[in-house]
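Everything below concerns the one structure shown next.
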Amino acid sequence: MKPATVKISSVALKHNIQIIKQKAPHSKIIAVVKANAYGHGVEFVSSTLENLVDGFGVARLAEALSVRSNGVTKPILLLEGFFSPKDLPILSVNNIQTVVHNQDQLDAIKRANLENPIKVWLKIDTGMHRLGVSLEEVDYYYNELMNCPNVDEVGFVSHFSRADETDSDYTNIQLNRFLDATKNKKGNRTIAASGGILFWEDSHLEYIRPGIIMYGVSPINIPSSEYGLIPVMTLTSSLIAVRDHKKGEPVGYGGIWVSERDTKIGVVAIGYGDGYPRNVPAGTPIYINGRRVPIVGRVSMDMVTVDLGPDCKDKVGDEAVLWGKELPIEEVAEITGLLSYELMTKLTPRVLTEYVD
């Protein structure tokens, strides 16, 4: 019997990369492994994929150094850019590339005393309005970076705000702005993340940046299997009790659920202390012994309760799947009103991790 455990499949991870390559056969891949590889384990994911991708994308310098210290030699890109001028010498000696999106960063690079020049990606705001230089500033920043001795190479990066809305023309508007801004300029380009890879073929360009689809999860509320993807993460726990329960009796804090029949209640060893969302409504499914059973009562810190039915054969120690291939995380996300991204990255350190082939 095991407590809450995530099982991470290297086979599924490699399979998903092959699907991504089929979607964008002419693009190089920057695999996004920020936030501990979306909760999958950055060391495991980066080492598994090093020979299958062309580089890695992270949000923070500490994440980049974690990947590098794991023996990975491929380029690493800071997707938010560096936070302090003191970071630049570290980037220089560790083959870490950086986004530049403001004047302070440009000034810091020009002033820095670096052992090796660094590769820079100029972030262009094409409509996300979060990070990036304006379209009118692109020529200025590009020329300044190209003439800076501390810069080895300049690329271009932007980000779609509505790539998961396949009926919106805003993605095409952003793409055309990006293409116009980088026209006749030397440098690789990347604008497509997961949504762009799946739904906007013209956006693939020289590099793509797969994130959530790499982990076998759809960026929209359609099961990833529709795109040939396989979930890399399966969240499981165990039944720690199977109890007879009388009709009319409540279950859990507040007694908000009352059984309408004699039944058997199962107790699963997982709760919001493990990162399972407290706000899941009654009826949210858990997969046990080949069938879905509904959560009843409130999720507590360490346990959830399920209605196993009066004729169940389940026993203590049986595995319960909270999400995975048998129960898509996209479905759990839709029920809870959360994003799949949130569910995966909110799991707490006490959840055990098993890496499987």
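Even glycines carry a Cβ here, placed using N, Cα and C.
Feature annotations, reproduced from Swiss-Prot:
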ACT_SITE  LYS34  active site, proton acceptor
MOD_RES   LYS34  N6-(pyridoxal phosphate)lysine
BINDING   ARG130, MET301  substrate binding site
ACT_SITE  TYR253  active site, proton acceptor
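Feature annotations (Swiss-Prot) mapped to structure.
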{"residue": "LYS34", "record": "active site, proton acceptor", "DSSP (3 states)": "helix"}
{"residue": "ARG130", "record": "substrate binding site", "DSSP (3 states)": "coil"}
{"residue": "TYR253", "record": "active site, proton acceptor", "DSSP (3 states)": "helix"}
{"residue": "MET301", "record": "substrate binding site", "DSSP (3 states)": "coil"}
Cβ atoms near LYS34 (active site, proton acceptor) (within 10 Å, other residues, all chains): 19
Cα proximity to LYS34 (active site, proton acceptor), best match among recorded positions ARG130, TYR253, MET301: ARG130
Surrounding CB atoms that lie within 10 Å of the CB of TYR253 (active site, proton acceptor), all protein chains: 10
Rounded distance in angstrom between the Cα atoms of TYR253 (active site, proton acceptor) and ARG130 (substrate binding site): 42
Chain-internal residues near ARG130 (substrate binding site), provided their CB is under 8 angstroms and they sit 6+ positions away: HIS159
